[in-house]
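Positions annotated as region 'Disordered' by TrEMBL: A:29-61. Residues or ranges marked as compositional bias 'Acidic residues' by TrEMBL: A:49-59. Annotation comment: TrEMBL describes A:101-273 as domain 'Yip1'. The transmembrane segment feature in TrEMBL is assigned to A:120-141, A:161-185, A:197-222, A:228-250, A:257-281.
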Amino acid sequence: MAAVDDLKFQEFDDAANLLAANPDATTISIDEPAEISKNQHGRLQEPGREEDDELLGTDDSDKTELLAGQKKSAPFWTFEYYQTFFDVDTYQVLDRIKGSVFPVPGKNFVRLYIRSNPDLYGPFWICATLVFTIAVSGNLSNFFMHLGKPTYHYVPEFRKVSIAATTIYAYAWLVPLALWGFLMWRNSKVMNIVSYSFLEIVCVYGYSLFVYIPTAILWIIPQKVVRWVLVMFSLCLSGSVLVMTFWPAVRDDNRRIALATVGTIVLLHALLAVGCLAYFFDAPELDFPAPIIPAHNGTTVITKS
Amino acid sequence: FAGLADVSISEDIPVEGEITVPVGSHSPDEDYSTLDEPVRDTIMRDLKAVGKKFVHVMYPKKSSALLRDWDLWGPLVLCVSLALMLQGGSADSKDDGGPQFAEVFVIIWFGAVVITLNSKLLGGTISFFQSLCVLGYCVLPLTVAMLVCRLVLLAGSGTISFIIRLIVVVAMFGWSTLASTAFLADSQPPNRKALVVYPIFLFYFVISWMILTFTPQ
């Protein structure tokens, strides 16, 4: 029978002490993913690029990026796969909207807010809201503008809703698709540090359209100057979100191509705003046509309004 | 089985026994056989279920009857009557008039499907048809508003009638949204309730807008 002493538990020394006793033993070391990413990031980073850290957000964005690859593991024909694109809480959506309306200069929207959790809730419902806001505001604005005229008969103009829906959804989905394809193509030629997935681009575009919703409501005011000031203002806000997102992605490229890409992004955004303003909102005439008022003694008096 | 090769059964031993089915008491399954009842009973039962759900919508208390026994008859009737009442909107040209019947129908059903998908994708526990049922039934206050608007428009279409219509439509819009939220909000995860309620708000807002901007020829 073995002695009781032999059956006592033994404390194992930790790996360092064991290795010190036996330096030639074979060992396997498993690094944490974050440490690997930090090493790689340190190697790739050139000395003159400190501003990249600001643009790329805090350090643990690398960790979340690598962990994100483990999230969407359901096959694409199951419902759970699509649920991963709606994995946001109310406060996250509100934060992202706030980030698109008040762009912080120097902070990248994708790195700061999306952080490898792109959602489809925001883009889809912001586009839907924008469609109906533009249609309703356009209708209201035309109604108020033509209110006094005897020849005007109010029509709900319901067909414009479907046109608005097609335009805005096409913009919010096809332009990101084209941009993503273009960035992939350039990435194959020039090694970029920053690259975005398709969903992240869709997310940025969707949230950047949010500032057009209050703009569309304010477009009811029938003053040309007010409307154009609003266009400029909202274009600056949402354009700056887009520019700050995509400038780090194309900056390593040929200077002219980078500028052309960013210029095209802003131009398309401006076209959307101006096109919506022109199509859905009738231009306020500078001079209203003089109404003819029958006077008391039967003669008609033409007055200028 | 080699050892059984020489086993045989004699053919002159009769096999006998009794096969009886114990006559049980009146089993409850027989009550659900609706094949033998008069047609009037069948129709009245469904109509009563639909009517009970209408009452639930008008006085939205947190009851699970609406959710448990879903049916789509009520939403269909409401949708068709709303779309019919929205006909006859004025149009200078064919393109600028009010929504056509098909457009209203598609908006209501497609909108309800999209909202249901949205709430399921956000992690809701309600089933697809239950959600469609609730959203469809909660169109009832807006259908009532449409009826009232048409009656008011028969009297005249001036500013006063517009104000009356505005008040009625806004009140019914609030009622619809509150009713559907009362039924649907509980099935959502708590930190995403607002994300689910907002599309419902937008959906009923669009329907209210169509009702409010209806101008007869």
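Residue numbering: from 1, along the chain as shown.
For all residues, glycine too, the Cβ spot is worked out from N, Cα and C.
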Contact ranking winner - A:120-141, A:161-185, A:197-222, A:257-281 against the transmembrane segment (A:228-250), Cβ under 8 Å:
A:257-281
Arithmetic mean of per-residue pLDDT over the domain 'Yip1' (A:101-273):
85
Taking a Cβ cut-off under 8 Å, which residues six or more beyond the ends of the transmembrane segment (A:257-281) line up next to it in the same chain?
134-135, 137-138, 141-142, 160, 163-164, 167-168, 171, 175, 179, 182, 186, 208, 212, 215-216, 219, 227, 231, 234-235, 238-239, 242-243, 246-247, 250-251
